[in-house]
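Written out below as structure tokens is the structure these notes cover.
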């Protein structure tokens, strides 16, 4: 019996412990502000450059209006233990740079002269330099043309002459097979609108840095030989990209960035191959000879700059490429062959001159160079340079817009420019089964920017996060809002992104401060840069763009604070709520797994699909809490009775008085109606409204017999009424009877339900009391057992200690007596010896 009772006690204890554990393990939604989480985003980037306003160079003019000065101390923060996906072929930064470079060119050409008046008949003849005694074979490349133009007065014309390259004019009579054409026109007149480049500008680019506005960041991939697509394991966050030179070219990429180790080939899985070299190859372009530039008035306020004469050698321009090209090109071909079989490398098969040739701008002149020597089989010569023959064109089709062209005014004196080849643009076509033909191409300038921006992506900082927590918001109390201080760098905010959620949450307040202070710091830096260079900055649409970047950060911060306010978490870095956490939101992961093994970035990806549901529940909970808080605050009005006599509340008292009087009148009317109903039940009704007719009793009602009559009462009187008022009264009476019976039934059911509820509650309380008494008995029993065991233990210990003490005392006494008896034993021994 005792064993059974002990088993029962242990079972109850286990059940209680399990119940306490279940109740204690319930998780609640906790809001965190300042978590290192980001998401892919598209936003307006602003640019920085080392532009000089006093320079007349075209890019400097554009950069002065569009860019702020560069940061002298750029920051880069590594993010350990983070893997990020990149896609260079779907990068909004490339599209933005494309639009910006188009704006650069269009702004540079906007104030320049349109050459529409030059679409006239040109009378041309072959030109030969009179100052050059060398036998020249290329003299036919220039034509000496005369034509009529409008003078300063629109009704007057005059005849002028100019030298044109053969590539810039075409004969009017295209059917003449003799080749003795004398009448020409400009090549663009039937296709594009040509603008003459302003004479005081050049096209030498300067590095441009693209920067993310506050509230956003640029993620950079630092993996070696990264192909621009897929996952990157070594990432960092920066505020600006490296300096990118907007060099316009085809076939070859000039003055770009180099690969860190091996040659990297990037493919968009369509028909484009971007090759990034691991070492630069010098290319030196030269236009020998000396042009003299004249000017012709072609209308009021319009000047056409023409070539008057060429002094010296008139041979074509050329570019010299270092012989190391052959080795690098052979390595590149081998890498491509290893990935694809049956490959044939050829020069460009044909098309626009800008695509079939290497088109670059050198010193203001547009060079069109034949690159066949670069992409055909090499002769094995390892000395000297590779010389590319080039042609100069003054009328060029612009790559920025279809149907637009540019006339490059002639440049005086010799021209020479040195660049570095850092990449190649290749295209391939597939013929048959696994047969590829690869050739150099160009024209799509986005590939130039994509080669530089492949390792960058823009992300938006999402500092608000939700996660399960063990704490619950129990009471509604007023708390002082924490004020975030200023201090750390904004980029350091993402430094804890690779840490686990538990480790990152320890410094959450610091993270939140970094977020806000970083936003403020970025804006202050931007504003100080603008103020410091306000004598250089010419505010235009680009200035408005900078101001928009500043306003965007404040809008994002205010939006976050508004969301936190809707949840009752304004000004808090960690906010507890009373919304239960649903384990399905976290894929049934345990609390320890979430906080010990996952980063905030991984956690955000897991619960992102449930964010809307969680946020909605947080808003509903806060609304309910606001209602509860309002009700609680309304109870405070009872604390001061003296305010009841305030004159401002008299109208409220009058309203209450009217409501009480109306209630009394209503109760009186209801009592009268109830009295009438009671009388109706007793059989009373106005005589004028009733007529007695016999009716047969139902089987459920027994017949009654009158006391002084011997006849049975076979019926009772019912009313047979006629007339509107009588019918209305009868209907009203029946309605009241029906309502009375139903109300009586409902009241009886309610009374019975309340009685059962009272009995069940009483039984439950009795069971709880019995359980309490039983548990108290168990606790008392085990307490007594523990007390008895302790007493027995103490008694046993005391007895053992006493016995040991007695033995020790007895031993000490024996030793002492032995020592005391030593003289006696000596004396007795001496006595025996003397006897």
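Yeah, the Cβs are placed from backbone N, Cα and C, and that goes for glycine too.
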Under Swiss-Prot, which of the candidate ranges 348-358, 392-402, 403-413 is annotated region 'CD4-binding loop'? 348-358
Could you check which of 82-102, 103-123, 124-144 is flagged in Swiss-Prot as region 'V1'? 124-144
From the ranges 684-687, 688-691, 692-695, pick the one that Swiss-Prot records as motif 'YXXL motif'. 684-687
Tell me which range among 424-432, 433-441, 442-450 Swiss-Prot lists as region 'V5'. 433-441
In Swiss-Prot, which of 460-481, 482-503, 504-525, 570-591 is tagged region 'Fusion peptide'? 482-503
In Swiss-Prot, which of the ranges 526-544, 545-563, 602-620, 659-677 has the region 'Immunosuppression' annotation? 545-563
On average, what pLDDT score does this prediction assign to the region 'MPER' (634-655)? 68
Intrachain C-beta neighbours of residue 575 (disulfide bond), sequence separation six or more, cut-off 8 angstroms: 30, 31, 32, 33, 564, 567, 568, 569
Same-chain residues at least 6 beyond the ends of the region 'V5' (433-441) with CB under 8 Å of its CB atoms are 250-252, 272-273, 336, 340-349, 355, 371, 374-375, 424-427
Reduced DSSP assignment, residue 124 (disulfide bond): strand
Test of understanding: give the count of other CB atoms lying within 10 angstroms of the CB of residue 189 (disulfide bond). 17
Using C-alpha atoms only, work out the spacing between residue 145 (disulfide bond) and residue 47 (disulfide bond) and round it to an integer in Å. 45
These are the disulfide-bonded residues: 124, 417. Which one scores highest on other Cβ atoms within 10 Å? 124
In whole Å, how far does the CA atom of residue 221 (disulfide bond) lie from that of residue 234 (N-linked glycosylation site)? 6
Select the closest residue to residue 285 (disulfide bond) from the following recorded positions, measuring between CA atoms: 124, 211, 342. 124
Counting Cβ neighbours within 10 Å across all chains shown, tell me which of the disulfide-bonded residues 211, 232, 390 comes out on top. 390
